[in-house]
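Here is the structure we will look at, set down as structure tokens.
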Amino acid sequence: SDVTFVVGPEQQKVFAHRCVLACRCQAFQGMLAQVPVGNQDSSSSVPAQGPFILGNVQPEVFLAVIEFLYTNSVTLNNHIALEVLTSSVEYGLQDLCKLCVRFIKDTLSVEQVCEALQAAVAYGQTDLQQHCLAFIEGCTAVRHQTQGFRELSDVVLARVLRSDRLAVDELDLVQAVREWAHVSSAVLGRPVPEVAALPVRELRLPLLAPSELVTLESHNQRDLLIPVESIAAAWRAHALRKGSGVPSRLCRPRRGTRPRDHHRHLE
């Protein structure tokens with residue numbers, strides 16, 4: 001080998017060959033490019049000196065990238081697949097990205113689906129997004145207890161809540177959003193109503209029974225999660241016995257919505 005990388009907090013040394021990395025990956029080609037010696041007019045040059053420090057990459061992930069560059073294949077597991085996907089995007093390795101997406105789709109689980117969806121949105125992987133959403137829609141076990149759910153961005157959570165095919169009751173979704181909002185508020189240092197503004201718009205409050213709305217109002221006094229006008233619109237739908245003034249999508253039961261008596265009045 002003629003190049004050394006020092007990888008991760010463990011400072012593990014990884015040895016490789018410049019010619020292989022440079023011809024397989026433009027990002028490495030730039031990293032390993034020759035640099036001028038002396039003044040700008042000099043035509044002399046030497047290879048960039050190592051070792052190269054990659055402190056933010058896990059050794060197992062970097063070794064997977066190196067394996068792909070040498071063999072055009074990769075050995076993945078559930079612990080590193082998403083991180084290897086991230087590295088494939090950073091290094092511009094489209095074929096490695098495709099292998100990671102295929103592996104993630106084939107091994108998707110309740111514990112990982114939210115994290116995979118977040119990555120799919122971040123990296124513009126439309127096919128993986130659709131696969132993750134379909135998995136979430138068909139799995140009643142996808143709940144707010146998973147770490148991945150708590151780490152969803154507001155944009156991605158709102159996208160999930162737009163689905164008519166969620167196999168979850170609306171009351172459970174309200175509770176899930178409330179817990180997500182409190183975690184996000186603590187992490188981001190912003191008020192609960194501010195971090196939750198986008199997902200809350202997708203909650204279908206008119207589907208809740210009057211007794212459930214009363215409880216919701218009581219909880220809402222403590223954290224102001226839901227705007228007062230949204231709760232008022234839900235009460236108005238009950239009073240008028242139809243979804244008057246409420247967007248039609250917010251009156252439409254989801255696949256997992258438990259039937260309530262007033263649902264027959266909603267348009």
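Easy rule for this one: first residue shown is 1, then count along the chain.
A Cβ is built for glycine as well, from the same backbone N, Cα and C atoms used for every other residue.
Curation plays no part in TrEMBL annotations; they are all automatic predictions.
Straight from TrEMBL, the features:
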- 1-78: domain 'BTB' (DOMAIN)
- 245-267: region 'Disordered' (REGION)
- 251-267: compositional bias 'Basic residues' (COMPBIAS)
DSSP residue counts for the region 'Disordered' (245-267), split into helix, strand and coil: 9 helix, 0 strand, 14 coil
Local confidence of the domain 'BTB' (1-78) - pLDDT mean: 85
